[in-house]
Amino acid sequence: MGKLVVQGGAVLEGEVEISGSKNAALPIMAAAILCDEEVILKNVPRLQDVFVMIDILRSIGFRVEFEENELKIKRENDISQEVPYELVRKMRASFNVLGPIAVRTGRAKVALPGGCSIGVRPVDFHLEGLKKMGFSIKVEHGFVEACFERRIDYVTITLPFPSVGATEHLMTTAALLKGARVVIENAAMEPEIVDLQNFINRMGGHIEGAGTSRIVIEGVEKMQGVEYSIIPDRIEAGTYLVAIAASRGKGLVKNVNPDHLTNFFEKLEETGAKLKVLGNEVEIEMRERPKAVDVTTNPYPGFPTDLQPQMMAYLSTASGVSVITENVFKTRFLHVDELKRMGADIEVSGNVAIVKGVEKLSGAPVEGTDLRATAALLIAGIIADGVTEISNVEHIFRGYEDVIDKFSELGAKIEYVEKEN
């Protein structure tokens with residue numbers, strides 16, 4: 001495990017190309033389990049989480065080839081009903097293979113998931129939904145076993161919270177429940193869910209309503225092979241836009257769907273940043289100290305929780321006091337103590353952080369606690385005086401393709417240093 005050494009003071013300028021969305025690619029890869037024929041996915045980011053999902057698919061009987069950003073998936077052997085613990089523990093999204101395996105084979109056994117440590121993310125919504133769809137569920141010794149027990153004609157599943165993972169898991173599983181009509185109420189509305197619906201429908205599924213709070217799935221008997229391109233990563237796009245603004249630079253962020261970031265754009269403009277949308281490109285310029293703004297995270301289409309840490313790093317040098325309210329992951333403030341080590345003035349009470357802008361941050365040794373927190377510390381290091389060393393940095397490679405090269409091309413001075421034995 002290495003560290004990132006960041007020389008502060010760079011002004012980011014130039015162009016950056018956004019990769020395909022990790023959060024769209026992973027559930028789409030899980031949905032490929034529904035199909036025996038070859039599935040070709042384009043614009044897939046080369047990230048650690050994607051490689052973990054590839055290993056999972058291979059472990060259960062699929063042939064997977066990954067060249068450049070194109071992924072080919074095809075069932076080669078009988079589908080295994082159990083996924084090795086050492087794979088599932090690495091990544092939360094791996095849990096979403098439980099339903100697809102169970103609906104294909106009648107049974108699945110998967111370990112409780114791992115991934116980012118940003119608070120409790122219970123899988124109860126997934127399991128209660130699967131029960132309503134005719135599966136028996138047994139949780140024992142850290143494993144979940146799902147067995148298909150009874151056919152259903154019609155069921156409505158109302159999620160207590162619009163969970164992205166549960167929405168994706170349940171709609172994917174329901175897609176192959178032949179003859180069943182499954183309605184998900186209070187569904188998550190993220191663009192990645194729309195992408196998943198579009199992919200499954202291209203394979204022959206019958207799903208409508210993704211992007212709204214009510215999704216209706218008509219189960220079919222069989223899926224067919226398809227070629228499909230993953231949407232751009234809106235969180236990666238937002239991260240680079242914040243970084244350019246924080247450094248008081250100017251840049252062009254390419255391969256973006258601006259409709260996916262409306263709320264975020266509004267907040268950036270409130271801080272004084274100048275944005276210009278040019279088709280699937282966004283130009284940003286920020287030459288002055290940002291104005292403080294209040295940010296409240298909410299499920300889509302609200303301000304994304306996955307951009308809250310980066311926004312906090314940006315606002316740490318704003319003029320005035322910003323109030324950041326975290327409504328999605330209540331404990332998503334692990335980056336606060338690290339930013340404070342760099343001179344940020346932040347106080348947390350419950351799910352609210354009060355950010356009093358300071359003139360400058362100072363380089364310091366800090367530790368990445370999760371994927372987006374590490375991105376926030378990288379931004380803080382770029383705008384700080386002096387050198388920042390970020391340890392436990394492997395998180396960032398789970399969510400940002402070619403992150404060092406992309407930031408370096410914008411003018412950041414970043415080096416990855418292997419840990420000495």
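Just so it is clear, glycine is given a Cβ too, placed from its N, Cα and C backbone atoms.
Marked as active site, proton donor by Swiss-Prot: Cys116.
Under the DSSP three-state reduction, Asn23 (phosphoenolpyruvate binding site) is assigned to helix. Under the heading phosphoenolpyruvate binding site, Swiss-Prot lists Lys22, Asn23, citing sequence analysis as support.
Residues or ranges marked as UDP-N-acetyl-alpha-D-glucosamine binding site in Swiss-Prot: Arg92, Asp306, Val328. Counting only same-chain residues six or more apart in sequence, the Cβ atoms lying under 8 angstroms from the Cβ of Val328 (UDP-N-acetyl-alpha-D-glucosamine binding site) belong to Thr297, Asn298, Pro299, Thr305. Under the three-state DSSP scheme, Val328 (UDP-N-acetyl-alpha-D-glucosamine binding site) falls in the coil class.
Residues annotated as 2-(S-cysteinyl)pyruvic acid O-phosphothioketal in Swiss-Prot: Cys116.
Counting other Cβ atoms within 10 Å of each Cβ, the lowest count among the binding-site residues Lys22, Arg92 belongs to Arg92. Here the Cβ of Asn23 (phosphoenolpyruvate binding site) has 25 other Cβ atoms within 10 Å, regardless of which shown protein chain they belong to. Its Cβ taken as reference, Asp306 (UDP-N-acetyl-alpha-D-glucosamine binding site) is surrounded by 21 other Cβ atoms within 10 Å in the chains shown.
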